[in-house]
Amino acid sequence: MDKGELVLILDFGSQYTHLITRRIRSLSIFSLCISGTSSLDTIAALNPRVVILSGGPHSVHTSEAPSFPDEFLSWASSKGVYVLGICYGLHLLVQKLGGDVRVGDKQEYGKMEILVEGNSGIFGNKKVGDRQVVWMSHGDEAAVLPDGFEVVAKSEQGVVASIENPKRRLFGLQYHPEVTHSTEGMETLRYFLFDICGVTAGWSMENVLDQELEVINETVGQEDHVICALSGGVDSTVAATLVHRAIGDRLHCIFVDNGLLRYKERERVMETFTKDMHLPVTCVDATEQFLSKLKGVVDPEMKRKIIGKEFICVFDDFAHKLEQELGKKPAYLVQGTLYPDVIESCPPPGTGRTHSHTIKSHHNVGGLPKDMKLKLIEPLKLLFKDEVRQLGRILNVPEPFVKRHPFPGPGLAVRVLGDVTEGNALDTLRQVDEIFIQSIKDAGLYDLIWQAFAVFLPVRSVGVQGDQRTHSNVVAIRAVTSQDGMTADWYYFEHKFLDEVSRKICNSVRGVNRVVQDITSKPPSTIEWE
């Protein structure tokens, strides 16, 4: 990868910032996202060809409004770096260069039509008078432009929609080209990056593979050993496969059956690991250890903490046994951290917080004993989920495994709402989930859905089965579509499919007499129920 071709995103807190990164990478251009308030030294060290200033929830008029470093624009000009401000980023450009940003008389939110008024620069491939639908989300507007800037598009309400100063390589869009609602947004980004900035496409997963293998070989000493906790998910599996290709059997993997896995999960996963992928994996059955500690626990956060603590105990025991076998401590720990985890762990500028979201406990091994002193290897930390799947295919990870839906680290503990040890909740849920997922596969829908699963509800309902009145369990089924799990929409099944699934579940699973479907998007809900 040529670092000179980097497109750097300065994040000012927009909910769409991660989409900018994804859209640019889809053009085979490498893109990274860092805090908008990063130092000039940090920005300069990355040597970007283009810098994009993201949108954000702030107004440039407030005292806590985040901004780029004072010398940033002078540095960009001296280095020939192109700058594109989006929404709030446009406002920053205007304000910092002596223009005027005011609270708009006509606030614009949602779909809006804009009119091209100048066919130079960012709209050089358009004609004056061309119209396109874009996604607006702003209350402030550029009222007076800095010297050297011109308006190249306005909204149907007459608000400035795009500005530019080609001589200084500065451009601004009031709307969000990165969202699909902006119908020609990708075309605009493509034209800007390739035709205006002259960026060369050349970033690929093959590049990533070669680079990560090189980094791992340079990092891990010839005598060092590495351990990896496999969850059975795509992320940890691809990370382990990558490291295994680099260092061979000096990688030692552990797969823990915590009693909270799906139907025949342990057998299926271990067969794939050993027979198809030839990974060195030790399987530990810790069912009793986990379930005994979860007995009587209903609070989902408490479940997570208990599961995390017990997992660490199992992991610590595995590491000590490995040390006895090897005669030395393992030096490194492999984690399947992904780029969304990194983004979510960074605070949106201007919030006054040291972090925005804690990285999910099921993605990473947190709270390891201090005496283990393991150094981290995170080969996927700059990749999105779909990119990890691409990398998995290059590494010859079996296709059914690459396409697996995400599964939470705490497993079925967060899909049984209540005490997981009460009655036959876990076995009931396993059977229901298996019927639902297999029905999706049989209907050819599995690859169209980001995630699908069943939930055991702490509710009993009255039913009639076999001419008898029943008072049995209620289960929910959920399926969502998404690109990266950060937002999601519920999947629209045909009624015939839902009818067949409901009948199969109620006729096959003892103790269930009612099936409901979750039809909530994210936001406002999360994907998992917990």
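First residue shown is number 1, and so on along the chain.
For all residues, glycine too, the Cβ spot is worked out from N, Cα and C.
Positions annotated as domain 'GMPS ATP-PPase' by TrEMBL: 203-404. What TrEMBL lists as ATP binding site is S231, G232, G233, V234, D235, S236, T237.
Annotated features, which come from TrEMBL, shown on the structure.
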residue : record           : Cβ contacts under 8 Å, 6 or more apart
G232    : ATP binding site : F255, L261, E265, V269, F407
G233    : ATP binding site : G336, R404, P406, F407
V234    : ATP binding site : K385, V388, R389, G392, V397, F401, V402, R404, P406
S236    : ATP binding site : C228, A229, L230, V334, Q335, G336
T237    : ATP binding site : L230, F273, M277, G336, G392, V397, F401
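For D235 (ATP binding site), the number of other Cβ atoms no farther than 10 Å from its own Cβ, over all displayed protein chains, is 22. Other than S231, G232, G233, V234, D235, S236, T237, the residues of this chain whose Cβ falls within 8 Å of the Cβ centroid of the ATP site are, in sequence order, L230, V238, A239, G336, R404, F407.
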